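Written out below as structure tokens is the structure these notes cover.
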Amino acid sequence: MSSGGLLLLLGFLTLWAELTPVSGQDRPKKPGLCPPRPQKPPCVRECKNDWSCPGEQKCCRYGCIFECRDPIFVK
């Protein structure tokens, strides 16, 4: 069998191994529980704008949460 055929066969075997069983069985649940939510209320407004944050931090919005965070810089 050529190397291309072997790679194709290996690809199909990999896909087959990753498929969910068609018998309708779900994968077993992972052990443990989710930790409690952080103690912040669901909607917190720590800041109103960048200038209400200390130093170089920015006022970042995440849904209804406004909090001061260190900025990231993308090249």
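Quick reminder: no glycine exception, Cβ is built from N, Cα and C everywhere.
Swiss-Prot records a disulfide bond between CYS64 and CYS43, which is the match among CYS43, CYS47. For CYS68, the disulfide partner named by Swiss-Prot among CYS34, CYS53 is CYS53. For the disulfide-bonded residues shown (CYS43, CYS59), fewest C-beta neighbours within 10 angstroms: CYS43. Of the recorded residues, CYS53 (disulfide bond) and CYS34 (disulfide bond) place their C-alpha atoms 31 Å from one another.
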